[in-house]
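Over in Swiss-Prot, the protein carries these features:
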| type | residues | note |
| --- | --- | --- |
| BINDING | GLY152, VAL153, SER154, ARG155, CYS156, GLY157, LYS158, THR159 | ADP binding site |
Amino acid sequence: MKRSAFFISDGTGITAETLGQSLLAQFENITFNKFTRPYIDSVEKARAMVQQINNAADKDDVRPIIFDTIVNQDIREILATSNGFMIDIFSTFLAPLEQELSSHSSYSVGKSHSIGHNSNYMERIEAVNFALDNDDGARTHYYDKADIILVGVSRCGKTPTCLYMAMQFGIRAANYPLTEDDMERLQLPAALKEHRSKLFGLTIDPDRLTAIRHERKPNSRYSSYAQCEFEVREVESLFRRENIPNINSTHFSVEEISAKVLVEKGVERRFK
């Protein structure tokens, strides 16, 4: 079964998309065609959006799901005329919260991410820069400044996890790819030994690793199942031998991996 889903906002659309994606993920038997539409901030744009929604309804022969964080009442009313099932995120959650707090909300779109009022902005940028500078074992002499160091075979999800932790939580995360040479030495690389307390391992199912590597280097030794199976087996053995906490990333999203890593290592988020 297929359904169209729209994430609509008069701001960046991050809130609508994040919450909407999380909710839709609970319905694994349905395939969603997803469309993010930020900055729908005028009557003209709203009317054009209604046409897009109605076109999707006609094409799918079923009304689309709409997640919106629209602040402007006039624009919301226009969207409500579409042939879609609307979930107004702000009104759904803010109304009961206003009642509980005995206070009216400001209904300010994008407030939680405002640069001008967010003292965490520079820390977020510094964390992202750290993740980029210390990606893939490129530099190891700043590991003393890292909050956490992810280790694992190439293409197991280390880089996106580091960037997510940096962007969302201000975590200074480095990552180091364990190579065939490291595995043959049967011990941690020298650059990692003195930072053992910061290490966390990612592993992955060999068949999934094969598929990922095949997209990068098809029909190569690097992407062969035999090579992937060997590397995964050896790196998991290294994790056990060195007592490095680890998780299998195969069936988890970047968000889930990040949360599990922080909990396992007891690393506090710099901001929430």
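Placement of Cβ uses the backbone N, Cα and C atoms for every residue, glycine included.
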Counting only residues 6+ away in sequence within the same chain, which have a CB under 8 Å from the CB of ARG155 (ADP binding site)? LEU209, ILE212, ARG213, ARG216
Tell me which of the binding-site residues GLY152, GLY157 sits in the most Cβ-dense spot, judged by other Cβ atoms within 10 Å. GLY152
Cβ neighbour count (within 10 Å, all chains shown) around VAL153 (ADP binding site): 27
Residues within 8 Å of the GLY152, VAL153, SER154, ARG155, CYS156, GLY157, LYS158, THR159 Cβ centre (excluding the ADP site residues themselves): ASN175, PRO177, LEU202, ILE204, SER249
Neighbour count (Cβ, 10 Å) for SER154 (ADP binding site): 16
Cβ atoms near LYS158 (ADP binding site) (within 10 Å, other residues, all chains): 28
Which has the fewest other Cβ atoms within 10 Å: CYS156, THR159, the binding-site residues listed? THR159
Simplified to three states, DSSP reports THR159 (ADP binding site) as helix
